[in-house]
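Below is one structure; the comments refer to it alone.
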Amino acid sequence: MEGGALALPHFRSRVGVGSPILLSADPGSARRSPGASGRSRVSRVNPGAYPRSAGRGRTWKRDSPEAPPRRSGITRVPNRSPEMPTERAGRTKVSNVNLEVSHHRAVAAVRLLRIEKGKAFVDLLNEKGNSSGENEMSYVERTLGFSTRCLDNRDIRLVTVIVAGTVRWKRYLDYLIMSLCSEEKVFREMEPLLLQILRIGFFEILKLNVPAYAAVDENVRLAKVALRPGAGNLVNAILRKLLLLKEANSLPLPKIEGDDRAQARALSIIYSHPVWMVRRWIRFLGKEEALKLMNWNNSDPHFSIRVNTANGYTRADLIDQLESLQVHYEKSTMDEFVRIQEGLVVSVVDPQPGETIIDCCAAPGGKTLFMAARLLGQGKIWALDINKGRLRILMEAAKLHNLDAMISDIHADLRLYAKETTAKFDKVLLDAPCSGLGVLSKRADLRWNRQFEDLEELMCLQDELLDSASMLVKPGGILVYSTCSIDPEENEHRITAFVQRHPDFVPQSVHGYVPAEFVTDEGFYSSSPTKHSIDGAFAARLVRSAL
């Protein structure tokens, strides 16, 4: 699926935030196929602001995340740097900069702690934009009691890799950590920050192949400085146990045996997914395809980018820029993209010059901007979204790429707007809120934030939004419904139910709008990670009768 029109941190320091060539970083992309050349991994930028508070307790139990925060003691006096003042409450203070700890590990541990408490996202904001780096360092200092030095671009990439990977493999890592503790109670009552440090060490040793001495020494030092010597000793003992088991190729893993439920529990640990997802995918896809899908979700994501054709640039210009930066790439079958076959949902909409189009859940705006570029200066797009902040980001991106004259924003709930307006449009795009089960490789935390019960609520919302969106379509007009899910109950089943409620809408095959390999027998667009090596997505094209 197409993503937000945001400059990538990989290019930010070398191309610049306002690069006129680069229009969008597209998270609905593929990764390198065997034997193919591929561009280097690029981290996504999250423009949202961080919450105001963070904290940690010395004796929290893992089952009690709401326990009141308190600062832990520091066992040694941090090195101080008078050259790093920060402003707080209207006065200038000097940060306690500790130069003994690994800077990117300290930041990663705090970010993981905040993610666990539901107060942060996996994506690390670029420190050079919107004071996000200052906020990040403020959270680190408040949580640990000391500051790190400012992170450079390499540090930021390391934090992003460690945080995303640790969250992705959390269930597997926790199983191993608990297995190596002297007793289960030690794990269950482990301090949250200590657990994050252990997770980082395990991930570095098992998945990043960081040299053993570095993974052990740096995480032990962080635990000692941020907590106390005893915490460092525990980290040292457990990490060294892990190294011995890894060298002996005898890591503890659950056996895949017993009934379907027991096997799903074992697979959920080995592949680090919720049990309900494993059981659902085995039921819908079969065990072999389910394992392939989980492997895809656990692999490092890649991203595609779209050239800013609205400003007169071509893909050749973008390729020249990538080659000058020595960034590997692949061409797409679509002229606007580099790396993979992308932009396919917009292709299902098929924007034509002179048309009026409304994007019903528009923010952060990747599809909106793409459709506007396709109009070639003739026509109009309305971008509607319930989130005012994300809608503002969309309009800022539109202005940056000289598309603001063609796009008008509407801050509203689609369900209320459809009842109140008399406006009708040639084409209506509803990229509906969904489970996101097709993009779990990029949304590392999403698998842990979804419950089986969420699907039923989402399906009800999808039906409501579809009914509302249909009210905005002109007679003879087009309604496109899309998701970034691979679950048939969010996709094909929703269209079947919609057509039963609205017989004046008839599904139209997407054949001719997208490559044939993405067209299902029913005429829908569907991409599969295991079949097409791109994120999972779905789109249906519906025509309203002219009478």
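Each position is counted from 1, following the chain as shown.
Just so you know, glycine gets a Cβ as well, placed from its N, Cα and C.
TrEMBL does not curate its annotations; it predicts them automatically.
Per TrEMBL, these features apply:
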| type | residues | note |
| --- | --- | --- |
| REGION | 19-92 | region 'Disordered' |
| COMPBIAS | 27-45 | compositional bias 'Low complexity' |
| COMPBIAS | 60-69 | compositional bias 'Basic and acidic residues' |
| DOMAIN | 344-545 | domain 'SAM-dependent MTase RsmB/NOP-type' |
| BINDING | CYS361, ALA362, ALA363, PRO364, GLY365, GLY366, LYS367, ASP385, ASP413, ASP431 | S-adenosyl-L-methionine binding site |
| ACT_SITE | CYS484 | active site, nucleophile |
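You'll find the Cα of CYS484 (active site, nucleophile) roughly 21 Å from the Cα of ASP413 (S-adenosyl-L-methionine binding site).
Around the Cβ of CYS361 (S-adenosyl-L-methionine binding site), the same chain contributes LEU384, ASP385, ILE386, LEU414, LEU430, ASP431, ALA432, PRO433, LEU465, each under 8 angstroms and 6 or more positions distant in sequence. In this structure, the recorded positions ALA363, CYS484 were compared by how many other Cβ atoms lie within 10 Å of their Cβ, and the smallest count belongs to ALA363. All protein chains considered, the CB of GLY365 (S-adenosyl-L-methionine binding site) has 29 other CB atoms within 10 Å. Among the binding-site residues LYS367, ASP413, the residue whose Cβ has the fewest other Cβ atoms within 10 Å is ASP413. Looking just at the domain 'SAM-dependent MTase RsmB/NOP-type' (344-545), the mean pLDDT is 95.
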